[in-house]
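Structure first, then comments.
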Amino acid sequence: MMQPEGKNSQTPGVHSINIEKDLDLLKTAQGEGDLGSHVEGDMNVGGLSGTKSESVDGEFNTLDEPIMQTITRDLKAVGRKMMGALMPNPSKNLLMKEWDLWGPLILCTYIGLMLQGMDDSSGYQFTELFVLVCLGTAGVTYHLINISHASLSIFQAICVLGYCLGPLAVGVSLFELMNLFGLKKDTTFFRFLIVCGCITWGTYSSTKTLGTTVPGEKQYMKLAPVIVYYSLVGILIFYHSMPY
């Protein structure tokens with residue numbers, strides 16, 4: 001059936017396109033600001049520039065920057081996080097916000113190599129330390145996430161536990177200096193005090209950071225495996241650093 005001319009016919013479910021209305025909106029937008037100025041020039045996607053290597057928050061695009069610049073920047077980030085582990089500040093919480101695994105790898109390798117050079121009796125010092133750190137970190141991480149229900153990821157837990165080996169690395173360095181200066185005899189008690197201080201320091205740093213992720217009361221009871229972990233690492237360091 002034909003409809004009278006002059007009336008708009010519209011099929012149900014199909015929206016009509018009003019070209020004149022769209023043109024009016026386009027003219028209004030052009031009057032408020034030049035649309036061409038938003039199209040010309042370099043395209044920036046996600047804060048990245050087509051001609052510069054800078055990206056969001058002042059970070060750099062590692063695909064464009066020189067490799068030495070990337071290495072230097074990463075080493076500076078590791079240094080900041082090591083300082084954050086030695087002097088924990090829950091307000092900044094760098095270890096949780098900007099986690100990485102470079103620091104734990106560097107510290108574990110450093111302590112293992114230092115122990116390897118101190119004690120030549122067995123030759124397995126590096127392996128012993130590496131296995132203990134891996135198994136201990138896995139056990140503590142499992143306890144935190146599945147038993148204590150801490151609000152953190154696996155890699156965040158590994159990052160915190162690894163970086164907080166920093167105090168123990170300081171203790172190993174002191175033992176090496178003592179050996180270099182010939183202070184080997186009658187230093188057992190003094191070495192024991194250093195190890196105890198490093199264990200306390202590392203435990204305090206890690207629990208200060210991880211305590212913010214553990215819900216409920218008696219947080220330090222839930223973090224007891226952390227104390228056991230650093231105590232075992234400290235005992236291993238003390239045993240292999242003793243002059244025989």
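The backbone N, Cα and C atoms fix where each Cβ goes, and this holds for glycine too.
Where the annotation comes from TrEMBL, it is an automatic prediction and has not been curated.
Residues annotated as domain 'Yip1' in TrEMBL: 88-237. Look at TrEMBL and you will find 101-117, 129-148, 154-177, 189-207, 219-239 tagged as transmembrane segment.
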For the transmembrane segment (154-177), distant same-chain residues with Cβ under 8 A (at least six beyond the ends): 81-82, 84-86, 95-96, 99-101, 103-105, 107-108, 110-111, 114-115, 117-118, 133, 136-137, 140-141, 144-145, 191, 194-195, 197-199, 201-203, 205-206, 209-210, 226, 229-230, 233-234, 237, 241
Outside the transmembrane segment (101-117), six or more residues from its ends: residues with CB under 8 Å to it: 74, 78, 81-82, 85, 123, 125-127, 129-130, 133, 137, 155, 158-159, 161-163, 165-166, 168-169, 172-173, 175-176, 236-237, 240-241
Outside the transmembrane segment (219-239), six or more residues from its ends: residues with CB under 8 Å to it: 111, 115, 128-129, 132-133, 136-137, 139-140, 143-144, 147-148, 161, 164-165, 168, 171-172, 175, 191-192, 195-196, 198-199, 202-203, 206-207, 210-211
Integer average pLDDT (0 to 100) for the domain 'Yip1' (88-237): 88
